[in-house]
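Take a look at the structure below.
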Amino acid sequence: LFCSGSRSSKTFKPKKNIPEGSHQYELLKHAEATLGSGNLRMAVMLPEGEDLNEWVAVNTVDFFNQINMLYGTITDFCTEESCPVMSAGPKYEYHWADGTNIKKPIKCSAPKYIDYLMTWVQDQLDDETLFPSKIGVPFPKNFMSVAKTILKRLFRVYAHIYHQHFDPVIQLQEEAHLNTSFKHFIFFVQ
């Protein structure tokens, strides 16, 4: 399933699970139960009385895991040769910069870009000052802007899969899963 090569194994490890019994775990279970109803618009709505930051955090982790898994199934098709540029068609080319290690955006292949992206997201999700896992620990003031940047960048992976790799998705009979995940993602970010 997974290509070896330049990609770090860390990139495709799912986010550490949300601890069972925690409030975030209960929110995740609520989201999954609502999703099970088939009503994606209802599934993305903030449950009554819940903290918006916590809801956004739980869903951001969930989308990271979903996209990680979906991309993981098509890595054999997304190579340095097949995708020398990270793009979603001729009008959309993405260059990588994380603002820390790489300040000036660099042009790179899709697998390299996605490796940088997923590693960067994983680092954000693992940062307790940005995504606190303990009850009562406040989210930072810039949390929403960080979450929006993560979601904006994760969108690019969906865009790349749809534009460059939809045929393999169909061959693998994953289009229903991809479409549902993407629709859920779009409703959530809206």
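Here the Cβ of each residue, glycine as well, is placed from N, Cα and C on the backbone.
Heads up, TrEMBL stuff is auto-annotated, nobody curated it.
TrEMBL lists CYS78, CYS83, HIS160, HIS165 with the feature Zn(2+) binding site. Summarising the environment of CYS78 (Zn(2+) binding site), the number of other Cβ atoms within 10 Å of its Cβ, over all protein chains shown, is 21.
Those same-chain residues not listed among CYS78, CYS83, HIS160, HIS165 yet with C-beta within 8 angstroms of the centroid of the Zn(2+) site C-beta atoms are ILE74, PHE77, SER82, ALA110, PRO111, ILE114, ILE161, HIS163, GLN164. Within 10 Å of the C-beta of CYS83 (Zn(2+) binding site) there are 19 other C-beta atoms, taking all protein chains into account.
On its own chain, HIS165 (Zn(2+) binding site) has ILE74, PHE77, CYS78 as residues at least 6 apart in sequence with a Cβ closer than 8 Å to its own Cβ. The Cβ of HIS160 (Zn(2+) binding site) lies under 8 Å from the Cβ of CYS78, CYS83, MET86, SER87, ALA88, ALA110, ILE114, each of these being in the same chain and 6 or more residues away along the sequence.
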